[in-house]
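Below is one structure, written out as structure tokens, with a few remarks after it.
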Amino acid sequence: MTHIWRFYYQGEKLGFCFFSDYITTNVGFVLEITTSSEAAGECGASFISCLKRDVCISNSTSCDGSPICFNGYDEWNCDPSCPSSDIQTIPTSMPYSVISDNYPLAYGNNIECIWVLQAEAYHSLVIDIQNFYLEDGYDFFYIGIGHDRSEPGSLVVRLTGYIASTRYYLGIESYLYFYTDYSIGYSGFVLNVTSIPFELTESCNADQRVPVGSACDGVTDCVDDSDEFGCVCQDDQFQCNGICRPLSILCDGVIDCEGFSDEEDCPRCEPIKESSCLGLLPYNQTYYPSSLADINQTLAIESFSVLSAAATTCHTDASLFLCAVLFPECIHDGPTARPCQTTCEAVRSACSSAFESLTGSPWAIACEEEFSNASPLNEGSLADGLLCRGPEGDITNTMICGTRPVFNETVERIVGGEGSNLGEWPWIGSLSRGATNHQCGATVISREWAITAAHCVGAFDTITVGISILNGNTSYQHTSSLEITSHPNFTSTSGGDDIAVLKLVDPIPAFSDFLRPACLATVGDEINNYRTCYIAGWGDTTEGGSISNDLQQAVVGLIPDEYCGSAYRSFRADSMICAGYQAGGVDTCQGDSGGPLMCEGEDGRWHLVGITSFGDGCARPNKPGIYTRVSQFIDFINSVVGQQDFL
């Protein structure tokens, strides 16, 4: 391709530098150097300025889709138009530029443009994003392999918003698709397309080629991930849907693996390394951070070393207590063994002064708030009678709340979720009219009582529990009509105080491994007091979709009140909590209302932290789900269920 450039230079000397790479040769260039009497900085009639006094280029190169000026000025302020639908062959000699209309000024509305690009023989395409800024979530740019964007599996990436400089490896053919909505345009994009010879690439399973050496490097370059399948993971990696991913993404609050396996069972259990404690504790797995040991195990061992000397002299049970606090038991689906309240109080009375003198800090453990005397251990260990498995939030005294004895860790319909098996969430119920036609979810808290959202009231008269499939039938299934008590302050217009207590007219005859209650969240500061959180329900699997027949579940993160308040003006931190992800993708939806937001507590049991209340659509970016904050309604729940003896 030939371009005519004219440079003006004032001075006696002019230098040139010529660089070439190691791949392809071509015919080169011819420079004609003359002197001129024209005033410096003035372009001739057939040339245009590049907005720099000494650079002019031919008029014929203006608005041809390929910038020649160093700043792309020859492609600015061009008439909005889409490229020809003809396939554009990308030469090996120089890059081809793809630039949005009117760049760097705002692109137009209602644009729909397609570029179809093709490499020369035995070459594949590479796209480098130089500048990219679209209206986030409304205007999109698609990059795909082949020439047909409707072909399944052809899409490499969908871009929107601001994108930093990025490179994408494609194949012999590629399509680019630019779509804008009816309003608001930003500066757009500048992309450079080049081609590289086959010998520098290797083939994916699809019609895509990536650089040699891409296989098993921990980065998915192929659109079908084939460059990372079948790899042996290193010590600092784990298997994520057949692909080796870094351990650092485990339990980081971001879903990276399908089925959210990287965010399940968090925090991660690790072996206890302090030998003195292994001889005292009836378990050998611990985790960090915890509410009482917000450190890592290395620091926990150092703390034990400092405090153990005082512990052995101030009280006979102090060493066991210290081990249980610094190395809390890590099991999922509880209950965990933790110090009994009486153990904590005895050690505090005898040892607090010694511990405070060693650490220089006051005794920080509130025995009455942190621990319970319920269910003391009687397992033939040194900890018998000193550690307890008593549940928190078991206001109806079931003693089995929040446990899942049939849960199997090896075994999507909440939006972005996956299927759930019978017994995985044994406290969830379906509210319907006449035992069919699912309307809302509910959570069992005793044989006679359940909880749902007040905004669901009026849409149902029956609860069914002990199921995971709506139209299924199990031997654990139980159905009952209901008596309903909504919170007196709830109104459909305000949305606050969205909670109702349900009395089962026909109480559950007996609990089983597949049907049992959840514990209740009784204290605030949920983000710090709870670990992994799930949502579950039979609601729509996509926004505007239909009810799921199978119970669905998804991992979600609890989100700070400040962010929720900025996302929803109606958010009230005193009665609401929100959960989800800033990027969207996982959320409750229509039909999930009234169902549980449940989190694993320090006691290893599952607690009802929230009741699905409302949201803006389903799984939209920056619009997390809003849930009734259960910890703020314990008095209301007690006022209703306390009117009769618990069952």
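Quick reminder: no glycine exception, Cβ is built from N, Cα and C everywhere.
Owing to the predicted nature of the structure, the values given are computational and were not obtained by experimental measurement.
Recorded disulfide link (TrEMBL): C323 to C277, out of the candidates C266, C269, C277, C388. In TrEMBL, the cysteine linked to C330 by a disulfide bond, out of C266, C269, C388, C401, is C269.
Disulfide pairing as given by TrEMBL: among C251, C257, C266 connects to C251. Counting residues of the domain 'CUB' (82-196) by DSSP class, helix then strand then coil, yields 0 helix, 58 strand, 57 coil. For the domain 'FZ' (264-391), the DSSP-based tally of helix, strand and coil residues reads 54 helix, 9 strand, 65 coil. Note on proximity: among C277, C323, C330, the disulfide-bonded residues of the record, the Cα nearest C266 (disulfide bond) is that of C330. Sequence-distant contacts (6 or more apart, same chain, Cβ under 8 Å) of C330 (disulfide bond) comprise P267, C269, E270, Y283, Q285, T286, Y287, T336.
Across the structure, C251 (disulfide bond) and C277 (disulfide bond) place their CA atoms 26 angstrom apart. Mean pLDDT, taken over the domain 'Peptidase S1' (414-642), works out to 87 on the 0 to 100 scale.
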